[in-house]
């Protein structure tokens with residue numbers, strides 16, 4: 001690739017999270033363990049929801065999709081980051097950098113949309129229980145889930161195109177541990193206000209539209225729950241929504257801080273810390289949130305675990 005002053009570069013250098021070797025070594029083991037837990041936890045969620053007949057409902061179909069997205073999302077970033085932590089020079093080619101940005105953005109945007117879909121699913125189940133199974137049938141849910149993936153991978157093309165057209169300075173060092181729009185924008189030369197503003201607007205639309213939908217649906221859900229006279233009934237309804245609300249708060253809180261603030265207000269350390277939250281911590285926590293706070297999932301996990309012990313004994 002040719003940069004603005006005529007210098008030719010074919011790769012970027014990722015500066016990583018820390019320049020201290022001891023800190024890097026410690027973080028390597030922490031992130032490796034977190035990644036293993038991410039894979040294990042999400043695979044368990046997928047296996048449980050696919051094999052237990054009681055979990056063949058729209059809500060668990062979407063949870064399965066969320067687990068699969070988290071596996072792919074974390075795998076598009078963490079292995080490269082772990083490899084870089086063991087290297088003296090953390091290099092990534094321009095094409096691989098763009099590919100990583102595109103894939104991670106696509107999966108992140110798919111998760112944004114999916115969390116809004118899951119909120120709508122809870123809205124239909126709680127506010128219109130008599131029509132729920134008719135409206136949210138398996139065929140409709142599969143189409144919604146497929147459309148979610150398609151939308152995520154189509155919407156992220158705009159970011160890649162804008163970054164591709166940007167003029168870069170004679171500097172190929174990205175002060176980050178992954179390739180994403182904020183880090184690449186920091187290398188931009190000349191008047192990149194239009195590109196920066198376009199990426200900001202796209203980020204606002206992709207994040208805010210689902211957030212508005214989630215808030216709207218939960219306002220209706222809370223109104224419906226408060227009309228229930230039984231305290232136990234209210235608690236049961238709130239418990240079905242609490243896990244989703246916790247995931248929404250963690251994911252959108254960190255992502256919106258990165259993508260909805262002007263570049264002048266961002267700092268590399270803040271961006272890297274927030275990126276760790278939504279690329280490593282949240283994919284690891286999602287299975288724990290849905291397992292520990294969901295009686296049906298815990299029951300299914302126990303059944304599969306006991307079956308595994310019996311088969312091992314026999």
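Here the Cβ of each residue, glycine as well, is placed from N, Cα and C on the backbone.
Computed from a predicted structure; not experimentally measured.
What TrEMBL lists as transmembrane segment is 27-48 (among others).
Annotation source TrEMBL lists domain 'G-protein coupled receptors family 1 profile' at 41-290.
What TrEMBL records for 60-79 (among others) is transmembrane segment. Outside the transmembrane segment (60-79), and at least 6 residues removed from its termini, the chain residues within Cβ reach (under 8 Å) are 31, 34-35, 38-39, 42-43, 45-46, 49-50, 100, 103-104, 107-108, 110-111, 114-115, 117-118, 121, 138, 141-142, 145, 148, 178, 247, 279-280, 282-284, 286-287, 290.
TrEMBL lists 99-120 (among others) with the feature transmembrane segment.
Feature annotation from TrEMBL assigns transmembrane segment to 140-164 (among others). Long-range contacts of the transmembrane segment (140-164) within the same chain: residues 58, 61-62, 65, 98, 101-102, 105-114, 117, 181, 184-185, 195, 198-199, 202, 206, each at least 6 residues beyond the stretch ends and with a Cβ under 8 Å from a Cβ of the stretch.
If you look up TrEMBL, you'll see 184-216 (among others) marked as transmembrane segment.
The transmembrane segment annotation in TrEMBL covers 237-255 (among others).
Cβ atoms under 8 Å from those of the transmembrane segment (275-292) belong to residues 17, 31, 34-35, 37-38, 41-42, 44-45, 63, 66-67, 70-71, 73-74, 77-78, 104, 108, 176-178, 180, 243, 246-247, 250-251, 254-255, 258, 298, 301 of the same chain, restricted to positions at least 6 beyond its ends. As annotated by TrEMBL, transmembrane segment applies to 275-292 (among others).
The highest tally of CB pairs under 8 A with the transmembrane segment (99-120), across 27-48, 184-216, 237-255, is held by 184-216.
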